[in-house]
Structures are given as C-alpha cells and as structure tokens.
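Going by Swiss-Prot, these are the annotated features:
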{"type": "TRANSMEM", "residues": "20-40", "note": "transmembrane segment"}
{"type": "TRANSMEM", "residues": "54-74", "note": "transmembrane segment"}
{"type": "TRANSMEM", "residues": "85-105", "note": "transmembrane segment"}
{"type": "TRANSMEM", "residues": "108-128", "note": "transmembrane segment"}
{"type": "TRANSMEM", "residues": "147-169", "note": "transmembrane segment"}
{"type": "TRANSMEM", "residues": "186-206", "note": "transmembrane segment"}
{"type": "TRANSMEM", "residues": "264-284", "note": "transmembrane segment"}
{"type": "TRANSMEM", "residues": "291-311", "note": "transmembrane segment"}
{"type": "TRANSMEM", "residues": "326-346", "note": "transmembrane segment"}
{"type": "TRANSMEM", "residues": "353-373", "note": "transmembrane segment"}
{"type": "TRANSMEM", "residues": "392-412", "note": "transmembrane segment"}
Amino acid sequence: MADGYENHAPENLQGKYQAMVVCCILGIGSLFSWNSMLTIADYYYQVFPDYHPSRVFTLIYQPIALGTIMILAYRESKISTRKRILTGYILFTISTFLLIVLDLTTKGHGGIGHYIVLCTIVASFGLADATVKGGLVGDLSLMCPELIQSYMAGSGMAGALTSVLRLITKAAFEKSNNSLRKGAMIFLAISTFIELLCVILYAYVFPKLPIVKYYRRKAASEGSKTVVADLAAAGIQNLSDLSDDDSKNQMLRKKELLLQNIDHAVNLFLIYVLTLSIFPGFLYENTGQHGLGDWYALILVATYNFWDLFGRYAPLVKWLKLENRKALTIAVLTRYFLVPAFYFTAKYGDKGWMIMLVSILGLTTGHLTVCIMTIAPNGYKGPEKNALGNLLVVFILGGAVVGISLGWLWLIGKKYAF
C-alpha cells in the first residue's frame, strides 16, 4: 500500500452522508426498472394470459445477466468502472422508455409479436443489470462498508417503492377503464425518470464527493486501473504521486480470492436459489384464490419487498449484524425449511400464514445478503475488493438463475401449467 493512505478514511473527511444518499439512489435505480416489470406483472398477465409472463421474464433476464457478469468479472481489471456503470444506467433508461413506446404503439393489445419484442427489452434489462450491479458492487467494495450497505439497501428500497406505487395506482384506477394499463404507464414513466437521475448522479455528483475521491485515490495507489476515469472526472489528472512499485502492489488472483471466500460465495448462491424459486412466480401462480382477489399477489409481493428492505437496514444495528462465517452458513441453510412450509401453506393454510412466510423470506434475503457483502471485502487491497465484489455478484446471479429454473417445478401437477 502506498504511504500516506490508512486503512480507514479520516473522520473529518466530508461527503460521507451525501455519498450514502447517492449510493441509496443508485441502488434504487439498479433494480427499479426490473422491479417495476415484476410489480406490474398483473397487467402483463391480463395482456398475455397464456404465456406465464412473470416466470418467462425472469427466465430471460437472469441468464443474460449471469452470462454478462461472468464476462465482465473475468475482465474487470481492464474495464473502466465509470464507462461500465454509465453504460448500464443509460441502457436501463432507454429500455424502460422503449416499454412505454411499445405499449403506446400496440395500444395495450397482446399477440406473439408484441410478446417477443417485450422479451427482447427484458433481455436488455438483464444486460444492464449485470453491467451496473457488478460495477457498483466492485466500486463500492473498495470504499467504507456504509456505502455498499446503502447501495444494497437502495436495491431493497426499489422493491418497496414499486410495491407502494403499485398499490396506490391500483386503488386510484380500479374503477376506471384500462386501470391496469394506466398504472403500468405511470410506473414506467417514473422508472425512466429514476434511471435518468442515476445517470446524472453517477456522472456528475458521486465522483466529486471528497470521501469517494479519497478511496479511489487509495485504490489507485494500490494498483487499481479501473478508477482512473473516475478520478479524471473528479478533476484529478496527476496521479504521479501514486505508487507504481509492483513489489508493493502484489495482489491475489481471482482464483485465490474465490477460494478464500468460497463460503460467502456459496451462501449467496444458496440465498438466491431459494428466494427466486419462490419470488415472484410462486406468489403469482401458486397461492390460490382468496377473499382479497387480485390484490392478494400484490400484497404478498409488497410484504416481501418491505421485509427485504428492513433486513437490509438491520445490520446497521451492531448486535443484529451477523459476522461469524459459520453462523451465516447455518442461517442460510436453515432457510431451506421454508420450501415445505410454503408448499403446505399454499395447499392447506390461510393467507395469514402465507404473509408470515413471505415476510421471513424477505427479511432473511435482505439481512443475510448485506451481512455477507459488507464483511467479505475486509482486509483486502482496493483492486482485490473490486474483483471480489464482481465475483460475489456472479454467485448471486447464478443462484437467481438456478432458483428461477427450479421455480417452474411448482407448476407440476397444476392444470394448464404449460
């Protein structure tokens, strides 16, 4: 490590809370468009009743995101973080706007052609997700834990916000013609605005915050090349004072980083296998008919999102933060008792039990994810933290792909399942 850089930022360094707010907004933007797609799934089920939109969208989205992040994680040390993240948010903005254009062009009618174009736009969301998520997790991993926690909390907040907006729009337009479509259009317009806001914040605000400049200079002093464009955007052109001594910048290879953190990687994989095998497809298609009617699935999704958000903020309370690696593994494995619990509750239980199980699923997903993502980078140099962050995102998306695929098993035995 270059002289003059300590393990922690000076206490009087300005911009920490501003950076936390920006990271939270960036986290919202990284998932808001996709969560909007999931939350307005009731509209797409109305337009495409025979095509399982929620399951198909996730089956398209996640494998593309996984394939993209695997390529980017392999090449992360040679890719400008700034260009990568801005490209992702710009792609989110354009793709979300195209959903509005598509719906206006087709006037909300179904058809296989409309569905194929819709699935193509969903694929672009997967590409944007991997570009943004891996880049930001890697970038924030080399900074203080509060920033990555704020980003992860923002990701959870995206789900909570979309659920609130969906419930409001459904209630507001319930008695009007094309109520679902009107609500969906409002959603997509808000999503487009949020993604554009993220482009502006990351391009012009975030790189100029003192705490961000400090950690990026520190990473550059440890041999990171991915932060050079960000430092230039902050007005730092002369990096001659940073260390170029290779003897001081010996870094672990990706394989070594993965072996040292294999438990964290596998735990993240298992978390998202379980979560995505249940959410959202099971909640839309396997929870039966209840007195709440078509509000039921929306309430379940909202419940998951709110408890997921709560779980992501819980580690801010020190005694609630799990840091013991064995305890984390036990907690992750214990969650798998939820599988039979969901099965029997869907078959024999009432809505109260289902809401409780969904709450547990959301709470544990958010809490365990943030605990792992904040403790994993500890003790590594900046470039190693960036590489590790990208690797962990690979396992998150890998778990999501497997979970989505396993989610189709819930349809076995159902009439008109396929």
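Positions of Cβ are set from backbone N, Cα and C atoms, glycine also.
Taking every listed stretch (54-74, 108-128, 186-206, 291-311, 326-346) in turn, the largest tally of C-beta pairs under 8 A with the transmembrane segment (264-284) is reached by 326-346. By number of Cβ pairs under 8 Å, the transmembrane segment (20-40) is matched best by 147-169 from the list 54-74, 108-128, 147-169, 186-206, 291-311. Residues 35, 38-39, 42, 153, 156-157, 159-160, 162-164, 166-167, 170, 279-280, 283-284, 351, 354-355, 358-370 of the same chain, all 6+ positions outside the transmembrane segment (291-311), place their C-beta atoms under 8 angstroms from a C-beta of that stretch. Sequence-remote contacts of a segment are chain residues at least 6 beyond its ends whose Cβ falls under 8 Å from one of its Cβ atoms, and for the transmembrane segment (326-346) they are 263-264, 267, 270-271, 274, 277-278, 282, 286-288, 353-354, 357, 360-361, 364, 368, 371-372. In this chain, the transmembrane segment (353-373) lies apart from the transmembrane segment (108-128): fewer than three C-beta pairs between them fall below 8 angstroms, excluding pairs fewer than 6 positions apart.
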